[in-house]
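J.: Before we start, here is the structure in question, set down as structure tokens.
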């Protein structure tokens with residue numbers, strides 16, 4: 001029996017892509033637009049960052065630029081991953097979702113954590129961390145989730161079965177998804193705690209940077225609590241799982257851009273006020 005093509009989609013389009021164009025399920029089109037705008041904005045910031053390097057007068061701020069570029073790569077990936085949750089779950093989107101969700105967020109939170117650690121030194125007037133140490137901390141913290149994700153994917157797929165994720169029951173799939181993110185939750189808690197320490201010191205000029213991280217983490221935690229709660233509710237309509245996760249990705253991506261990246265760029269070329 002032939003599948004009815006939704007209004008807004010062309011004939012011959014695979015059914016897994018219907019959410020990208022189905023006018024009856026407008027949430028897919030809305031999130032697609034929001035994610036695309038996020039991709040464009042992230043790329044714009046990434047292109048602007050090398051241009052602003054020569055205008056950064058404070059060496060301590062200049063040391064953060066490579067880590068902030070890595071952060072933007074993670075944000076770009078988060079917006080891109082949103083499409084994997086709008087498109088239907090199958091043998092290609094399943095492994096992509098489980099593998100990249102935690103990795104991309106671990107990159108972003110690790111970069112924020114490295115920045116917060118550096119700020120705890122600066123607000124107290126201590127010797128700042130070097131560029132390589134800050135970048136090394138960010139990469140090192142994020143690599144842990146890479147190992148966890150690779151091990152989970154290999155064991156779950158049993159090397160060949162790429163359809164295992166779509167074959168799992170929705171409750172079991174959601175439980176596995178959340179359990180796979182335990183390390184990311186730890187990173188979030190640690191980053192939030194470390195960002196609160198940036199308010200303790202006599203060099204108030206650096207506290208504004210700490211406030212950006214603190215606000216970003218506060219909003220991110222709120223988003224994560226919301227989507228995990230909805231995903232784990234036993235009586236919730238499981239047809240909305242993809243909507244919940246894609247909305248969480250898009251929302252958190254914009255939190256990263258508006259609460260952290262934008263104000264950091266605004267302060268980038270300004271003289272430090274100790």
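Using the three backbone atoms N, Cα and C, a Cβ is placed for every residue, glycine included.
Those TrEMBL annotations? Automatic predictions, nothing curated.
Residues annotated as domain 'G-protein coupled receptors family 3 profile' in TrEMBL: 23-263. Residues or ranges marked as transmembrane segment by TrEMBL: 26-53, 65-86, 98-117, 129-157, 177-199, 211-232, 244-268.
What does the local environment look like for each feature on the list?
T.: Note on the domain 'G-protein coupled receptors family 3 profile' (23-263): mean pLDDT across this stretch is 92.
Long-range contacts of the transmembrane segment (98-117) within the same chain: residues 64, 67-68, 70-71, 73-75, 77-78, 81, 84, 129, 134-135, 137-142, 144-146, 148-150, 152-153, 156, 165, 176-177, 180-181, 183-184, 187-188, 190-191, 194-195, 197-198, 209-210, 213, 216-217, 220, 245, 249, 252, 256, 260, each at least 6 residues beyond the stretch ends and with a Cβ under 8 Å from a Cβ of the stretch.
Sequence-distant contacts of the transmembrane segment (129-157) (same chain, six or more residues past either end, CB-CB distance under 8 Å): 62-64, 66-67, 70-71, 95, 98-100, 102-103, 105-107, 109-111, 113-115, 117-118, 121, 164-165, 176, 180, 183-184, 187.
Residues 97-98, 101-102, 105-106, 109-110, 112-113, 116-117, 119-120, 123, 141, 144-145, 148-149, 152, 206-207, 209-211, 213-214, 217-218, 220-221, 224, 228, 231-232 of the same chain lie 6 or more positions beyond the ends of the transmembrane segment (177-199) yet place their CB under 8 Å from a CB of it.
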J.: Return yes if the transmembrane segment (65-86) and the transmembrane segment (26-53) have at least 3 CB pairs under 8 Å (sequence gap of 6 or more), otherwise no.
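T.: Stretch pair touches.
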